[in-house]
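Visitor: Mind having a look at this structure? Questions to follow.
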Amino acid sequence: MKSNIVLIGISGSGKTTIGKMLAERLQMEFYDTDREIEKLTGKMISQYFAEYGEARFRLEETAMVKKLSQYDHCVISTGGGVVLNRQNIDYLQEKGTLICFSTRPEIILERIKADINRPLFHNGDPYQNILRLLRERKKLYQVAELTIDTSDMDFPDVVSEIHEFVKHKE
């Protein structure tokens, strides 16, 4: 049985908030790949992007995914672009059940508009960037065993749905 629950999906879909709630409910450890990278590098993700670029960030991300995917009995919230590298998915699937959060673009925009730490949304029109990222990553997110649209759901209800899903997998 896979002991980890891995949350994937576009930035602003609720992965971190729901992940923390889920980990608490299931009495599991919680890790957010972006927060762990920030701790390791001492830089906010947006600052890291600005200084080193996306390619170098993706290398850091893969190293962090490899590390976290070896842990047991935890909830891992990933960055929205983690699916861009197939190796990340392979690492995460070793011990993890992948669950994708989808969200309508206008909801994502509302959730992220005040967050300066989301570098892919702050160049050009954020709404158009969201649409572009959703188009580019749609097929990649299909690696998930379960997809939940978090647009109109209360987060505790999402936690309950995931809990039921993993309970029935055991």
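Note that Cβ sites are derived from N, Cα and C of the backbone, with glycine treated the same way.
According to TrEMBL, the protein has these features:
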{"type": "BINDING", "residues": "GLY12, SER13, GLY14, LYS15, THR16, THR17, ARG118", "note": "ATP binding site"}
{"type": "BINDING", "residues": "THR16", "note": "Mg(2+) binding site"}
{"type": "BINDING", "residues": "ASP34, ARG58, GLY80, ARG137", "note": "substrate binding site"}
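Show me how these features fit into the structure around them.
Guide: Under DSSP, GLY12 (ATP binding site) is assigned to coil, being neither helix nor strand in the three-state scheme.
Summarising the environment of THR16 (ATP binding site), the number of other Cβ atoms within 10 Å of its Cβ, over all protein chains shown, is 18.
Over all protein chains present, the Cβ of GLY80 (substrate binding site) has 23 other Cβ atoms lying within 10 Å.
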Visitor: For the C-alpha pair, I'd like the distance in angstrom between GLY80 (substrate binding site) and THR17 (ATP binding site), rounded off.
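Guide: Between the Cα atoms of GLY80 (substrate binding site) and THR17 (ATP binding site), the distance comes to 14 Å.
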Visitor: Express the distance between the Cα positions of ASP34 (substrate binding site) and THR17 (ATP binding site) as a whole number of Å.
Guide: 13
Visitor: Please report how many Å separate the Cα atom of GLY12 (ATP binding site) from that of ARG137 (substrate binding site), as a whole number.
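Guide: Their Cα atoms are separated by 14 Å.
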